[in-house]
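Novice: The structure under discussion is supplied below as structure tokens; questions concerning it will follow.
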There are 2 protein chains.
Amino acid sequence: MAEEKENIQFELTKELTEQVEQLIENQKDKELRKLLNDFHYADIAEILDEVNLEQATYVIKLLDSDTTSDILMELDEDIREKVLENLSTKEIAEEIEELDTDDAADIIAELPEERQQEVINKITDQDHKAEITELLAYDEDTAGGLMAKELVKVYETWTVAGCMRRIRGQAKDVKRVHSIYVVDKRDKLIGRLSLKDLITAKSEQKIAEIANPNVDFVFVDEHAEDVAKVMQKYDLEAIPVVNQHHILLGRVTIDDIVDVMKEVAEKDYQLAAGISRDVEADDSILKLTIARLPWLLIGMFGGLGAASIIEHFNQSMGDFIVLLSFVPLIQATAGNVGVQSSAIVVQGLANDSIDGNILKRLFKEFILGLVNGLAIACIGLLITHFIFGTPYVVSITIAIALIAVIVMAALIGTFIPIFLDKRGIDPAVATGPFITTSNDVFGILLYFVIAKAILGF
Amino acid sequence: MAEEKENIQFELTKELTEQVEQLIENQKDKELRKLLNDFHYADIAEILDEVNLEQATYVIKLLDSDTTSDILMELDEDIREKVLENLSTKEIAEEIEELDTDDAADIIAELPEERQQEVINKITDQDHKAEITELLAYDEDTAGGLMAKELVKVYETWTVAGCMRRIRGQAKDVKRVHSIYVVDKRDKLIGRLSLKDLITAKSEQKIAEIANPNVDFVFVDEHAEDVAKVMQKYDLEAIPVVNQHHILLGRVTIDDIVDVMKEVAEKDYQLAAGISRDVEADDSILKLTIARLPWLLIGMFGGLGAASIIEHFNQSMGDFIVLLSFVPLIQATAGNVGVQSSAIVVQGLANDSIDGNILKRLFKEFILGLVNGLAIACIGLLITHFIFGTPYVVSITIAIALIAVIVMAALIGTFIPIFLDKRGIDPAVATGPFITTSNDVFGILLYFVIAKAILGF
């Protein structure tokens, strides 16, 4: 018992991977099955992510489809795609039969189009087939794309005792019951019950009497991120999905929402870092290059823009050539302030914690930029003049430029995400290299304009 | 019915806030209670986040403590703190009585130390008081700090029928049952059951017969982020927490984990953007400045470092002064590449999807940098020579420097987070301004060293 319980501490060791690889090579099916049966399917998926493709396929074909279907769902997407290529449409259909409808539809949607219909045709359970076909019709970024058809549904006219009897049947197909949904005779959602309500009620009571009519729900075409927000705000672990006539279609569970939240957080983080597609450290160099090069190009054009600004002013600068040494200072400051401002706004927009008043927010950023700018400018003035020995008038020029550049960068960093959000564009694209590049160019331009005005070259 | 169900679409309007404010000002308690009773507590919290402090306190004192305790939990932290200052310790204790132990402990922990014991002393339910006191002893970033004492526990020797009877009692205090935990007579966790298992079992069966011995659990001192990883990996909605002797202490539910995940994602995002504390767009200018200024200072010192490098080379540069125009290009490229590389590594480390082999990863980044560098360098060469009219040898120098800087930035961006992670330091601190600043300085240094070697000034 004690040993068995330790498997929560599962750690993928090199020894274990090698042991599995050897058992596969020597086709020791019985021992392999015995070894793997001790592990959770999520742990087996971790092992299969490490071995080669033939070996992974071997294990998937060896184990029972009720385990392997779960393993497939946990595999890294790229590896799953390749393993599925090695399986016949009949074998895939067998895996599909074991999966909940939402996972089944996700797997089928990942297949090449020409195989999709073939696999669907080979599903023997007709209800399952019809439900999966229905789910495939929804956009994957909506409540319909997230929901499963598995749920426990009772009619308002049933008694508690009758309900318990029928639930015993329905619940077999439903891994976690969460709520029991109460519908009228047209399948319109009218309330909910918890299993707890049911077991604490008297058996002759009518469902209508004990149902809670305050049932949260989402419409089938609601965006996945909005479903996540609703479930998080109201602390829900499952939410029913209805069509426009309030007919109960399915339910979304918290584990799907956790995945949505994780994807959104990773996407925003990557956009802020200048990576334009959903990539991982282990992806191919080609995929990583495609994700990274576009932002580097944007940065390069910004750098070249800055170069022409410098060339322009350089011609008349004369004695004040020392100004060029402080271009990196101006650029770094503009970039950092821009990223800070935009990140806070993007996060606020994502959390709906920012109200729409653009002017109020810009004014606040203006004050904030002024405070930060004064602090940085004072320190900069002291260091450039007393340590670098820069002439007093040049140090003052740099200090004034720093204040102006910080205020400008803060305003641009705040304005652009809010503007994009109002236009219905994801404000997260305006973070990272986008903001730094525009701020680099504007910052350097502002620096020289101010220097020219003060120093009069 | 139909209207009531629309409240999922709750949107906080100016009109609603004003209506609430007026009812408070005119002390129309009855109407106010009637209006607010129609809303979910999370919606009421949103309204109270908008009105002023006296008004929020007024509402909290007006409504029943079973609603207001939930509202308090949903309030913005700063506002909650201030509302609690306006409540007597007795009033706070009344709110605490209504909360689950985990939320109760969180609220008490937020109070000033001198009030904490006073509030605890005023809790009348002795069991609740003892449980909260126990929870307050755990570090808030551990399983113990996340868990609640509310759970449904049955002894292995009970029958299904006896179990159902007793659960009816226990379940009243437990909002969501999730799993039923099976313990031996020493309260040692030995298995679990779902409510579904229970209602589908025969009433004379012993719990020991139907319990599932494969119960996942975490130790009470496990770090919150690790608890989140385990629950996510194994798709758990609740996990029992045990001490080192496997005695059942409490359970952590998925809603707490969702909050942990969100906090981690926000913290990493903010670190990448150069914001050093958990701040929101609506925080005070002082708080925002404290969060932002340190990184700006780091950036400033980097900029000043770059300035001394430029001054140093400037003295001998002579005809090649044109090189200075391309400093922003070098700097922007170094910064962008560094942020891209570090972000991917930090995300991989957070997901445990990076294996520990530093050399392999650095080699991959080297190749990736070379590929990206060649692409950027070729385009840069063409543009600087043919459009800017830069002399051929200078354009080639810039191109070579770009390749070297991109490779260097990719290696630094990869190495530093992995190095910090191995040392037990959160690698996320090494993203954003930290990486851009060090890459700015090293990139500019490398640029001039290469230029000097090629052009021989």
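Each position is counted from 1, following the chain as shown.
The backbone N, Cα and C atoms fix where each Cβ goes, glycine too.
Below are the features listed in TrEMBL for this protein:
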- B:147-209: domain 'CBS' (DOMAIN)
- B:211-269: domain 'CBS' (DOMAIN)
- B:293-310: transmembrane segment (TRANSMEM)
- B:366-388: transmembrane segment (TRANSMEM)
- B:394-420: transmembrane segment (TRANSMEM)
- B:432-455: transmembrane segment (TRANSMEM)
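How buried are the listed features, and what sits near them?
Specialist: A Cβ distance under 8 Å defines the sequence-distant neighbours of the transmembrane segment (B:366-388), meaning residues of its chain 6+ beyond its ends; these are 326, 329, 333, 337, 394-396, 398-400, 402-411.
Under 8 Å from some Cβ of the transmembrane segment (B:432-455) lie the Cβ atoms of residues 271-274, 295-296, 298-299, 301-303, 305-306, 309-310, 313, 316, 320, 323, 326-327, 330-331, 333-335, 337-339, 342, 393-394, 396-397, 400-401, 404-405, 408-409, 412-413, 416, all in the same chain and six or more residues away from its ends.
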Novice: Within the same chain, where does the transmembrane segment (B:293-310) have neighbours whose Cβ lies under 8 angstroms from its own Cβ atoms, ignoring anything closer than 6 residues to its ends? I mean 6 or more beyond.
Specialist: 274-276, 324, 327, 331, 432-434, 436-438, 440-441, 444-445, 448
Novice: Which sequence-distant residues neighbour the transmembrane segment (B:394-420)? Criterion: at least 6 residues beyond either end, Cβ under 8 Å.
Specialist: 320, 322-323, 326, 329-330, 333-335, 337-342, 345-346, 349, 354, 358, 361-362, 365-366, 368-370, 372-374, 376-378, 380-381, 384-385, 426-431, 434-435, 438-439, 442-443, 446-447, 450-451, 454-455
